[in-house]
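Sharing the record's features from TrEMBL:
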- B:3-150: domain 'Ketopantoate reductase N-terminal' (DOMAIN)
- B:182-297: domain 'Ketopantoate reductase C-terminal' (DOMAIN)
2 protein chains.
Amino acid sequence: MIISIVGAGALGKTYGGLLAQQHEVHYLMRSEYAQVKREGGFTLVFPPPQNSMQIEAPLLHQDAKTLPPSDLVIISTKTTANHELGALLGHCIKENTLVLVIQNGIGNEEWISQLVPHNPLICGVSSMKATRLENNTVEIAYIAELRLAPFQAATEKQCEIIEQAFAATSPAIPVKAYQSYKEIRWRKLIWNVPFSALSIIYQQDTQVLATRQPYVSIVRALMNEVADIAKADGVTISQEHMAKMLEATQKSGPYYPSMYFDSIQGKPIEKEYIIDNVLALARQYHIETPMLNLIQTNLN
Amino acid sequence: MIISIVGAGALGKTYGGLLAQQHEVHYLMRSEYAQVKREGGFTLVFPPPQNSMQIEAPLLHQDAKTLPPSDLVIISTKTTANHELGALLGHCIKENTLVLVIQNGIGNEEWISQLVPHNPLICGVSSMKATRLENNTVEIAYIAELRLAPFQAATEKQCEIIEQAFAATSPAIPVKAYQSYKEIRWRKLIWNVPFSALSIIYQQDTQVLATRQPYVSIVRALMNEVADIAKADGVTISQEHMAKMLEATQKSGPYYPSMYFDSIQGKPIEKEYIIDNVLALARQYHIETPMLNLIQTNLN
């Protein structure tokens, strides 16, 4: 397949580097283009027992206009760049190009489908921890499942194409296909909303937020409000599931969400997709969300 | 006694009108001066079985400079005017003038004592519900206890002077003297902080906030944080007391705190004394107040 990665940050480079083992992968890279070009590639460092992997002579593009018409386009920009996607998708989309969106938040597919109204669109939610280091290296802390679900014009068959492509990489990326894109988005948001927002507001890592009172009460209140909205939106998330998420976060050590780093680095934060779109749905379904309202103001 | 009321709003007019039965009471009245002057007085409407009371030809002052040197000065301005008090107190304060502060919040005496460093200062906390109506009338919904405690240079004896003055009015105002001004301030703040702030943020009355989830969880969290700061500041407020306050608020019918009306009328709100000063003490005592921090931002 010809694959274009639109937004080759830590996540886009990792997936692209793996898929390039068997496919022709093009990377749209803007801020890092010059450095990667100069150094002739980039490095992926997987957790043991994997070795690190040098991605040599990747097909780099600084301008979306030089991307080739592609069989698969993976959108892995931050959602803060979503207003630019119309321009970025102009050249790589042909008839039947499969569009895979791997982003946080909700409302992503609703927006992107307006830009590619005739293409099969697949929702992807990744929990992989991939961090860009200074020396042109991406460090993958762990390889988590990539969850997929078909959106507009897409089928389960097309999810399988992606599943098989990632199964063939080394290391392989586990992919699981779901029927409802809302289900995988809400299951991620239950975690992302409280931890991304509160890590910025209180400048605390997720282990502290999940462990220490009174932070943990605020986390629980937010999870419950998000679950109420999810339920109105057709996705039931049990109390047991939320308790497990909290426990896992307590055990997984000090960690800061990417939104925290965006914030302290003075970059735009993914508030629109992770917070504002959630609250817009709350209003639509007439769900009261007093704690989310407080959080939203504190992120302004 | 010669008494000056600095800040003759609903509360100042009520206390002044009653004290004028036996004392010479001067009112510093700014926004309402012209109307009260034209109508020759104002009306106090007490709850049954009391009758309404016409206060005729009150000694009105539009300028603090015409207030006489007084034996007792009652400061009943909103705390939002506290930065002006230096100018307002210039003429009515003489040696030994007793200064009674009847305001909400905390830090009031610390500020005012700088303006009258040699005078006996008494802290007063009123829970009387007095509302100014359009037709130059003050409606008193109920007559609550006025709590007093001596601050700088003041003695229990001087609290008694005030106690006796109010005991002699008709209707009489119940006064109770405490030893610690911090105790009466914190006991009021435990209620004022959550209900004043949340009534503005959520545009809900105190009965809704005290009754309906998830508001009541936020109220409880705020009460607990205020109690933590109070404890560090030397005042213990029990869980039982907070539960009682909540129960009383649930039962007392729909009510909006004065800060709510200030907010919807576009007036300055008493945030500095009711919220900011509480948070400054939290920082001083290294108390974590995540919920109060959210509230503070939402009131900005």
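Note that Cβ sites are derived from N, Cα and C of the backbone, with glycine treated the same way.
Structural setting of the listed features?
Under DSSP, residues within the domain 'Ketopantoate reductase N-terminal' (B:3-150) fall into helix, strand and coil as 38 helix, 53 strand, 57 coil.
Secondary structure counts, DSSP: the domain 'Ketopantoate reductase C-terminal' (B:182-297) has 87 helix, 0 strand, 29 coil.
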Compute the average pLDDT of the predicted model within the domain 'Ketopantoate reductase N-terminal' (B:3-150).
95
